């Protein structure tokens, strides 16, 4: 998963949202290549709501549904004019993934261009408030000199096939591309190609000519896309020196059902029960239809779940349980072995947990417009065709899990493994926290920077927060009625057979039990280690809001909202964290993400929880005076005036 990390083992890089794995599948050789050394630079800026310059002139009104007598172009025009005013000399294009979220904020994203070519790691996101004015914005546009020579005139760049070979050779990719067999077929867009005649990748590799912002300048590069299973890579190969790789992004982050019900994290917390019609009314009707068919198996609009013992990429024809009566009840006990003997129960549990989480997130705002995972978007916005592919007992590894998040319109892919630290071995599908952790990688990658941009958590601190968000949601969902702020939680305890879980510290509001502070991130190179710090801050936030607003009935699945605002502190924390993801810039750092959460609360509740939020972050060193620096962060316990 972009997620769970076993102590003492190396974490997987970037977006392989994964725990370290004993993998025998295709992928980048970790011993030969450390792709984390090719991370994108962290250059984004975020202007929070109270720092946005005063605006004059006409505005429009958004609504929580975007259905007012207002055309979608109004807020896009406002955002475009803001960009023109802020950076009058910039050239850019509008990314076609703008939407008005359920919180009433319009989200608009732009990509900088030079000579009509994308500068691929430059983004400008504008958030338009309910009053029709700019609420906040993020910016990573290049402000240096644009190359005067247009490379398209003299065709001053290599053939894309050579760039593909450069990526394969430099990163030691398990892809075969013999020159006599490979053809670069043009597809829609300028200098955009799909390669035919290769083998080893899960889909045809692609290449697009782009600029990359690096070391204070622009380098012309081929962006080569290769999905090799454990890694789904964007490799930026120099357009002239094809043996030089400038950067790498990895999209992968390491009826009736008899299941462990929602809120039961693993078999130690409760028993399996039969649940009838568990889906929430979220416009998806039920989990087994997609507008084209009704499937009496673990397939539907949101997900398709199956076993995958070979670890191969094919999934359509893999085994999945079938029930003409839609009764998915199968035997399972902790003593059963081998795992294949309870594959039906495993697949059913994975399908159930993922679909419930999809529905909860939908109510909290991660819907079609925001880039969620659905085959059919029911004419509600976004791009369909992208349910989540869920592989139970995936044979490509053990002691791990991962989730790959391509842009909106392409299916996400979750691989759940078995864990062999106990006898008999354990199946990660039965630990809900692992499933939720992995799926949350898809959520944070789709929300940050817009649904069409899946590289916005590719920097070190951004990727760390991706791990932290995943741990946070997995923990918030498993709260029990008797829990208090004195309750501590682990991650991955059951599957790994480790009483203290797989993080350095338990999640706790006690600085004795968990002493993590912001400055602890200095010198860390693991996204999992950095993520534990971020999740520790969010755990403080969770309990500050619960102490103020209550937990609600944690035995109920459906969040209760009043005027779009969750009535309990648990779901309120989840909501403003989700909204903050959509507000923050591409490649955010801790300080920017904190400010985006404060802005999310300001928009949602008029800032009524400002002090609770500040106290959570300041307790762990992310107070008013905190400042980001890659190697030397500044910690602060200072609170703003009035708190």
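From the backbone N, Cα and C atoms, a Cβ is placed for every residue, glycine too.
Copied over from Swiss-Prot:
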{"type": "ACT_SITE", "residues": "438", "note": "active site"}
{"type": "BINDING", "residues": "437, 441", "note": "Zn(2+) binding site"}
{"type": "COMPBIAS", "residues": "47-57", "note": "compositional bias 'Basic and acidic residues'"}
{"type": "CARBOHYD", "residues": "271", "note": "N-linked glycosylation site"}
{"type": "CARBOHYD", "residues": "420", "note": "N-linked glycosylation site"}
{"type": "CARBOHYD", "residues": "603", "note": "N-linked glycosylation site"}
{"type": "CARBOHYD", "residues": "629", "note": "N-linked glycosylation site"}
The residue listed as 'active site', number of other Cβ atoms within 10 Å:
33
Using the alpha carbons only, what distance in Å do you get between residue 629 (N-linked glycosylation site) and residue 441 (Zn(2+) binding site) once rounded?
25
For residue 420 (N-linked glycosylation site), name the DSSP secondary structure in the helix/strand/coil scheme.
coil
Out of 437, 441, which of these binding-site residues shows the lowest number of other CB atoms within 10 Å of its CB?
437
Quick check for the class: what is the C-alpha distance, in angstrom and rounded, between the residue listed as 'active site' and residue 603 (N-linked glycosylation site)?
28
If you count Cβ atoms within 10 Å of each one, which of the glycosylation sites 271, 420, 603, 629 comes out on top?
603
Residue 441 (Zn(2+) binding site) versus residue 420 (N-linked glycosylation site) - Cα distance in angstrom:
24
If we check Cα distances from residue 271 (N-linked glycosylation site), which of the recorded positions 437, 441, 603 wins as closest?
437
Roughly how many Å separate the Cα of residue 441 (Zn(2+) binding site) from that of residue 603 (N-linked glycosylation site), to the nearest whole number?
24
Between residue 603 (N-linked glycosylation site) and residue 437 (Zn(2+) binding site), the C-alpha gap once rounded to whole angstrom:
27
As a quick check of your reading of DSSP, tell me how many residues in the compositional bias 'Basic and acidic residues' (47-57) are helical, how many are strand and how many are coil.
3 helix, 1 strand, 7 coil
Name the secondary structure element type, per DSSP in three states, that contains residue 271 (N-linked glycosylation site).
coil
According to DSSP, does residue 629 (N-linked glycosylation site) fall in a helix, a strand, or coil?
coil
